[in-house]
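In TrEMBL this protein carries:
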type    : residues                                                                : note
BINDING : B:LYS7, B:TYR8, B:GLY9, B:GLY10, B:THR173, B:ASP174, B:TYR179, B:ARG184 : ATP binding site
BINDING : B:THR47, B:GLU74                                                        : substrate binding site
DOMAIN  : B:264-335                                                               : domain 'ACT'
DOMAIN  : B:344-409                                                               : domain 'ACT'
Number of protein chains: 2
Amino acid sequence: MALIVQKYGGTSVGTVERIQNVARRVAKTFDEGNEVIVIVSAMAGETNRLVALANEISDMPDEREYDVLVSTGEQVTIALLSMCLKSMGYKAKSYLGSQIPMLTDKAYSRARIEEIGDKNIRADLQAGTIVVVAGFQGIDSDGNITTLGRGGSDTSAVAVAAALKADVCEIYTDVDGVYTTDPRIVPEARKIDKISYEEMLEMASLGAKILQIRSVEFAKKYNVVVHVRSSFDDSQGTLVMKEDQEMETVLVSGVTFNKDEAKISIFGVPDQPGVASQIFSPLGLNNITVDMIIQNISHQGATDITFTVPKTDCKKALQIIEGVAKDINARGVSHNTNIAKVSIVGVGMRSHTGVATTMFDTLAREGINIEMISTSEIKVSCVISDKYTELAVRILHEAFGLDRQAQEA
Amino acid sequence: MALIVQKYGGTSVGTVERIQNVARRVAKTFDEGNEVIVIVSAMAGETNRLVALANEISDMPDEREYDVLVSTGEQVTIALLSMCLKSMGYKAKSYLGSQIPMLTDKAYSRARIEEIGDKNIRADLQAGTIVVVAGFQGIDSDGNITTLGRGGSDTSAVAVAAALKADVCEIYTDVDGVYTTDPRIVPEARKIDKISYEEMLEMASLGAKILQIRSVEFAKKYNVVVHVRSSFDDSQGTLVMKEDQEMETVLVSGVTFNKDEAKISIFGVPDQPGVASQIFSPLGLNNITVDMIIQNISHQGATDITFTVPKTDCKKALQIIEGVAKDINARGVSHNTNIAKVSIVGVGMRSHTGVATTMFDTLAREGINIEMISTSEIKVSCVISDKYTELAVRILHEAFGLDRQAQEA
């Protein structure tokens, strides 16, 4: 007998009919002799409906009350799914964040989980009850409702799996796993059978939006095996788990890309201590996330600094940086929104050389100019002109043999 | 400084615009130097929407989960109203049943309030915060969500007013008070300025659907002054309060009617001990509420028993009674759905004679036949043919001078 946590997103529970499908799948897992905890999101569209109500009242609705409002979405789903399971003859019980309890800090609408009680749920599981948990929501130490931020249900699921020491946390979604790259661009993209937490983190933050980054961090911290799979069929998906030897034999696990960033350069920055801080502090204060930063060696006491920001923040960032450039006597500022970041990710890179070179060579062979480079232990990213994005992804996917690797043992 | 509890029903909070109106009224009361607790219902239509979802899943949805589901309606309203007050610059905080806490028994969807914590709310009031409470919902001793049944928000409001020792509990509704009778039938009907709990109970249970009966019982038990008034203007409404001498000088406070009942008679019932129980037990077991029961003196060892039931239950009741009639060797069963019950209510009756006689005389004068009579200390009810309902109400309203009484001191 295994303890299985299953998480179903908003699309999977978007109608009563779909909730009934989820109930059948949950019941099947239970009938196979497992203990089951189900985490669900709000029905698709419901959170947007609630947010629209709040925005009718204020552009900046009160944060505490915002969480009271939007958490009703998941509450509706757990009630309906539990009803459904009961009408099918199963014992089932819904749990709000406050009933688990799922204790968080007090940061409304982006709360972090601090502690999860396992006593109540454990007792229900032992009594043969299917436990249905509202994702996304928690409670702070004063009994206020908190929420974990958009997509927080993934994190709820992994956190509950960690607290209850579940054997696996199955995340049901509308794709059947994690792919070596976007199959819409490269039809030869393959489903990855196993991927390490680190790789998944790099893939997710680089634009593969299958799992919330925070949920992967949580899974890594507590060593929870996450199974990303399709809610529409029974096929095996992708296991996100601790790195093993098998994974290391693969140099590159996936190719990702991101077209949502813009590049800003400051020329002729006086090369003196404190300059970088003068540039980036005001961006941070304005909640602008800076991704890549490149500063090269200086000539004649001046250097150039280039960095990327989300395209949506480009205008605001430019205004700030033009002011800063004057203050520090830099020569000028330029920007470019027609860029893309292409990355290769793989834990195998750690123990193999030449991976970055293969990437640069491959791009060069097609005449694709590299504008910026950034690397981590298990990732190499290049900024290129965005018109070459699809071409770059295709040739890199092929160059690292991702279309023909057999990952299985 | 007074502590004022205000309750707004589903129509008053049916749209964001109406919620903004409620916020303005609440803010005005606060600005006048009062402490304010607001109790709200779900936005009009919301509860029906949720119930429809449940019914898509099952005709008999699980009771625990049903309460989890429908209680989200009030949760949405308290969040929106609190947001609204905050955006207007007031301190405001929403309270779920579990956060008060509003402790109830475990009878899902018809829970009874057992205890109300006042500590949390009191602290907020002292800090100058407007407290916004979800009506209709509570929590049992195991932390399960319960609801008080349809219309339960009135009861929530009165209960909170009792627990916090509020000076008044204002119930805002779409009428501006309690009238001597239905103004659609008698244009001369007057708004009653003050009415006793007992009279209000009789009026409510007899068909004047302004206040939930349970809330009046609660108000009576804890001596809470209830002010029924309109959410559309500032006029004084009706105070429901402890009987005073002034009220006793009025013989009849109101005339009510009910067309929703049917009459069933059993003829030739053997006059022996236990027969009444044999007739009415199976009705009770089938959840059929019997209102009036008439049994007259017997002739030759047999008697006739007549009673009324809700029209919607008439068919079911007939089936049961026809079976019983055979078992007890009664002579036969008849029924009539074309009846109406007309009643006069007033605490003054207690100390005055001749009130019933005036009623009978008045009806007789217009040739209206009385089919059944039932009396209590402060009420006389007559069952008549339903085609005379409006006529009967009009002439009784006039006969007791309700169109010209001045109730004020």
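Count begins at 1; order follows the chain as displayed.
Cβ coordinates come from backbone N, Cα and C, glycine included.
Within 10 Å of the C-beta atom of B:GLU74 (substrate binding site) sit 31 other C-beta atoms, taking all shown protein chains into account. Here B:THR47 (substrate binding site) is compared against the binding-site residues B:LYS7, B:TYR8, B:GLY9, B:GLY10, B:ASP174, and the shortest C-alpha distance is to B:GLY10. The predicted model assigns the domain 'ACT' (B:344-409) a mean pLDDT of 89.
Secondary structure at B:GLU74 (substrate binding site), taken from DSSP and collapsed to helix, strand or coil, is helix. DSSP assigns B:THR173 (ATP binding site) to a strand segment in the three-state reduction.
Calculated from their C-alpha atoms, the gap between B:TYR179 (ATP binding site) and B:GLU74 (substrate binding site) amounts to 29 Å. Set side by side, the binding-site residues B:TYR8, B:THR47, B:ASP174, B:ARG184 differ in how many other CB atoms lie within 10 angstroms of their CB, and the most is found at B:TYR8. Put simply, B:GLU74 (substrate binding site) is 17 Å from B:THR173 (ATP binding site) when counted between their Cα atoms. Distance between Cα atoms for B:LYS7 (ATP binding site) and B:GLU74 (substrate binding site): 12 Å, as a whole number.
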